Structures are given as C-alpha cells and as structure tokens.
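See structure below.
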Amino acid sequence: MVKIEVGSVGDSFSVSSLKAYLSEFIATLLFVFAGVGSAVAFAKLTSDGALDPAGLVAIAIAHAFALFVGVSIAANISGGHLNPAVTLGLAIGGNITLITGFFYWIAQCLGSIVACLLLVFVTNGKSVPTHGVSAGLGAVEGVVMEIVVTFALVYTVYATAADPKKGSLGTIAPIAIGFIVGANILAAGPFSGGSMNPARSFGPAVVSGDLSQIWIYWVGPLVGGALAGLIYGDVFIGSYEAVETREIRV
C-alpha cells in the first residue's frame, strides 16, 4: 500500500529541513562534479575520442566512488538521497513527505547545475557530455533500461538503508549503493548511459543547452524508483511504521 504523506509547509521550512536541503545540494554537487568530471577528463585525454571499454570502466568507478562518498557525507543530515528517483521511491514508502521531497529535488538539481558550471569554468570551457540513447536504440528502449537500472538502485537503498530490519547492513549501505551504480553504468552505459538519476542528467543538459532527450532520464528513473519503493515498501517492509527521512542512516 502506498504510504505517501503530503506534509506541511511549516515542517518543510524548519531549521533541520533547511540543513537537509543544503546537505543534498552540496553532496549532489560533489557527486556530479566527480562523475561528470571523469567523462570530461576522458574526453580531454583522448582528444574527444569515442568511449572505449577502459573509459567506461573508469567512468563507472568514478561514479561509484563519488556516490559512496556523497551518500556517506549527507546520510546523517538529509538521508543522503542525491537523486530525485531515490527521493520519490522513499516518499512512496512514507519515509519523506511530498513537500519536503519536492525541495530535495530542487536542491539536487541545483547542485547538479552548479557542478557542471564549475566544470566548464575550471576546464576552460570544455563541454559537459549529456546522456542520450545510443544509435540504433529508440526512446522506449532507453526508458525501459533506465527503469530497470533505477529499480535496482532504489531497491538497494531500501534493503540496506530504509528497511527497519536492516540491522548491521546499514553500515555498508553507502558501499552497496555505490557498487550498484557502478555495475549498472557498466551494463547500461553503452545503451542509455546508465543515468539512474534525473539530477545527474539534468545538470549537463541545462548547461550544454541540449534538452532533447532529458525527458527519458526523468521518466525512466522516476518510474523505476517508484516501483522499487512500492514493491519493497509494501511487500517486504509491510506493516512496519515509516520512519522520518533523517532517521534513515546509510
């Protein structure tokens, strides 16, 4: 059963909530800077050459490490979402209210945009790569791929961080979350790019001015995240009472 709570504006503007938004902004900025920065660095080192297997592995590792750190540094303040799909998935399970979740989205997207602007500045105008489906694939395939890989990510978040029965698993949550993102980039990178994160795709799209495929990276991840929240929250957590987002330690 969906456990969505709307919440109140007052609670969403409390001191602790404002700190959570700032935490999401900073952590997402650092994650996107390192993740997108690894792709920019690859382009620099290869003179804008095509992505090869070694480059894919390097970019996947960079994203995995950066997300591990980002989740770790934000966990005790905001829950360490760094991703609108994660926020939506947790909202489906009643772990965060819709109003507060909406401001999380804003903070995450702003963090991504600022990270990309900083990358353009510090690289002397190098372009930031955007997500897009590969040649020969259609938008539908891209959306389905993003649904699957984002489902895996948010399911992992639930299992290791949000489930009240997690026990000692909570201590390895950031590692598990980083690992699943790295693995999914290796699997989906050559096809959809393996975004799993609307904010991660939104920043480069806005800064580059290429919004032609951005809808794929909102629809796919949000559907995947919502499905994971619905299935894990309803089937496996069941009658457990929902906890507040900042009580979820990853």
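Including glycine, each Cβ sits where the backbone N, Cα and C put it.
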Pro53 / Gly89 share membrane side in Swiss-Prot: no
Cβ contacts the transmembrane segment (169-189)/the transmembrane segment (55-75), at least three under 8 Å, sequence gap 6 or more: yes
DSSP-assigned states of the topological domain 'Cytoplasmic' (1-24) in counts, ordered helix, strand, coil: 14 helix, 0 strand, 10 coil
Long-range environment of the topological domain 'Cytoplasmic' (76-101) - Cβ separation under 8 angstroms, sequence gap at least 6: 2-9, 11-12, 17, 19-21, 23-24, 27-28, 31, 67, 70, 108-109, 150, 153-154, 157-158, 161-162, 174, 196-200, 218, 221-222, 224-226, 228-230, 232-234, 237, 242-246, 248-250
Other CB atoms within 10 A, centred on Lys3 (N6,N6-dimethyllysine): 16
Remote residues contacting the topological domain 'Vacuolar' (46-54) - C-beta distance under 8 A, at least 6 residues beyond either end: 189-190
